[in-house]
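Features as listed in Swiss-Prot:
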- Gly344, Pro345, Asn346, Gly347, Gly348, Gly349, Lys350, Thr351: ATP binding site (BINDING)
- 705-724: region 'Disordered' (REGION)
- 729-804: domain 'Smr' (DOMAIN)
Amino acid sequence: MTDRTQRELGWPEILNALAARCRLPAGRNRALALPFQPTAEAAREALALVGEARRLSELALALPLGGVGDVEGHLERASKGGVLEPLALRECAALARAAARTRGLLEARASETPRLWALAEPLSPSAALADRIERAIEPSGAISDRASAELAQARERSRGLHRALKAQVETLLADADMQRHLRDTYFTIRNERYVLPVLASARRAVPGIVHNASQSGQTLFVEPDSMVELGNELSIANAVAAEEEQRILRELTGALMADSGALARDLGILAALDVLEGSALLASDLDAHAPEVLSPFDGLRVGGAGAGFELLSLRHPLLVLQGKKVVPSHVRLDAPARALIVSGPNGGGKTVAITAVGLSALMLRAGLPVAAAEGSRLPFFLEVKAAVDERGDLAKDLSTFTAHLAAVKEMLAGAVPGSLILVDEIAADTDPREGAALAAAILESLVERGAAVLVTTHLDELKALALTDPRYANARVGFDAERLAPTYQLHLGSPGSSSAIEVAARVGLPAPLVERARAALTGHGGALGQALRALDDERARLAEERRAAESARDAARKAEERARAAEEVARRAQREAAARMGEALADELEAARAEVAELLAGLQARPTVKAATDAARQLDAWRATVAQAAKATQARADAGAEALPGGEVRPGVRVRIVSLGQEGEVVEVDGKDALVRAGPLKVRRPVADLVPLLGKAKDAAKLGRSRSEKLQAASEARPSAPPGLERRLDVRGLRVEELLREVERFLDRLYSDGEADCLILHGHGTGALKQALRDHLSASPYVGAFRAGDRHEGGDAVTVVSLRR
């Protein structure tokens, strides 16, 4: 790709956007020099790596690259024998730590991001060097006392001397005789020596060493003789500490250089990972996706099958990065066509469309997702050449047309099979007839060389090529005739009018001038242009009709949805009513259970035949109540499922009384209640308990009753269990208390069902269970008689019981 093509398509801006999303200086440098992949397979692999990095980004997992500075310069200086400064060593330590942490992160995610892990696996797993440097050097860059025992000792000696000197100088300042010779009662440090501000006139009164003087010369900074010895000792201690610090820095730099190869390797890997993470962020910001990468010639051979390329919802990436509203376009080149001729009004987006394709081709070559939707397909173009901006050639004193032809000449020389050629306003800026002939010849030459070509034009002769030659295809950018404005949408398969007169009207040229131009155009040929404008008008009319049809369809769909919603509301009301009936039934059942429990308690307290008979009668009444309530609930469910909702509850309307399972006629309505005639009776029921029966609703109700009756009949006709199976109770293994409770429940059920006898299996055992059972049977009001089983019945291991009737 020539520098000119990259510049004209805006490739440097893409690289700048990528670099801005990298965090390492080395990563940014690598992004700005991002290479193009040599093969289609390499491009697929690069896109897959970006896809894995994007997966990490979507999981909010950022690579741990913090703190790594521009260490390339540090490593180079150390390799030449230089001693690194403390902060430089800290940055190198950050590199070692980032390498270990990044390796650990990607190893843990190896199953999700296998390619990234393969790239990161050579990273150094140990951060021992980083630990050593960070223990010796504080984040501020100061060398820590922990760096060595010698340094700690020298610094402690220095601190002790500072304390002694400060105490001595403060004693001198407090001396009244000394104060008479001082400019002020303070001390300062000059040349690492404690000094006093002595009046120049009192110089001989304060013996010592003069280290400095004020600008006026009236004040001398004197180190008193009594402090010189301590000052010398402090200088020696500081020198020892400084020498130890330099020794530590030399030692750490040496340790760094001993591992310099690994550090350089780690830096290269981290920079590559940083670029991949930046690529993932860029793809996310562009809503970009990896296209299917085709070989350079897939679908582009004359007579070949399939699409040469297809970019769905394509957007110009630079416009997206600028935050502008971008109208997406669907760009496709179908075989056998090899050239796409884009026409339409000025400012309609023709140049944007073809440069977006060119940038997409470059991004794919560099392994970057393109600003198009999933499902897009794009060849791995061997070369991309563009002539969309000749302003640079104008500085060479070339005319616009001459500069354009020079660019075309360069492209003709470089056009090879599998290349992509982009030309904006081909052969414009000259006589239209000659320009059209030249443009057609250029296009044919490029196509014959095996290139895929995208051009923009206003020349009618080029628009007509696709009508007679399958190697060419038309596309147009839309124009809204009512608003006199472009739509920026690309439409495939047809040419577009330049709409120059409409654009002139839009920018505000005088109306008489515009009308004169329109009349002149109509009277002086331009048949293809007029046909294109008529075609645009017809398209606009059809689009309006389609919008009207879609609006009517949407209205019908919404009406149908409202009807369904109303029906669902009615059915929901039925279900809620059934639920309320179920709750009422549950309350009745609970009350009945409580009553039965009370009867049983009384029966156990007074075990008489009369009491048992009364209990059985009460149980029969309870069962009848439960059956009636269940029948009403079933009727309500049937009504909710099969009655046709509709109409309102008003006098004269036939309704189903859900809770009673009966039909009737509404006599009157009073608020939320209604009076209903059901046969010879009149009942007052809540309106919510009534379902209007309209049309076939009565048949549905009958059907519901018929089905309910059949189900009940089927239930009643169900074959009974094998003889004796329901009249047998096995109590082996139970404790006495459990046995008595089970036997009482068993006898109660059989007595209520009208059974005559039963068999209780208790086994032989120790005989205690059998004796407890028979003692209980002797006192039971349910039992008429009992005996040990016959031999064929199980002998004394069973007890046969005859129930009292």
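Numbers here mean position along the shown chain, with the first residue as 1.
Any Cβ shown, glycine's included, is placed from N, Cα and C.
From a predicted model like this one, the values you see are computed outputs, not experimental measurements.
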With an 8 Å cut-off on Cβ-Cβ distance and a minimum sequence separation of at least 6, pull the same-chain contacts of Gly349 (ATP binding site), or say none. Val327, Ser329, Val477, Pro486, Tyr488, Gln489, Leu490
Which Cβ among the binding-site residues (Gly344, Gly347, Gly348) has the fewest C-beta neighbours inside 10 Å? Gly347
By a simple count of other Cβ atoms within 10 Å, which of Asn346, Thr351, the binding-site residues in the record, is least packed? Asn346
Which residues of the same chain, at least 6 positions away in sequence, have a Cβ lying under 8 Å from the Cβ of Lys350 (ATP binding site)? Val342, Ser343, Gly344, Asp424, Thr456, Val477
Using the centroid of the Cβ atoms of Gly344, Pro345, Asn346, Gly347, Gly348, Gly349, Lys350, Thr351 as reference, list every other same-chain residue with Cβ within 8 Å of it (recorded ATP site), in sequence order. Thr456, Val477, Pro486
Packing count at Pro345 (ATP binding site) (other Cβ atoms within 10 Å of its Cβ): 25
Helix, strand or coil for Thr351 (ATP binding site)? Use DSSP. helix
According to DSSP, does Gly344 (ATP binding site) fall in a helix, a strand, or coil? coil
As a test of reading the model: what is the averaged pLDDT for the domain 'Smr' (729-804)? 88
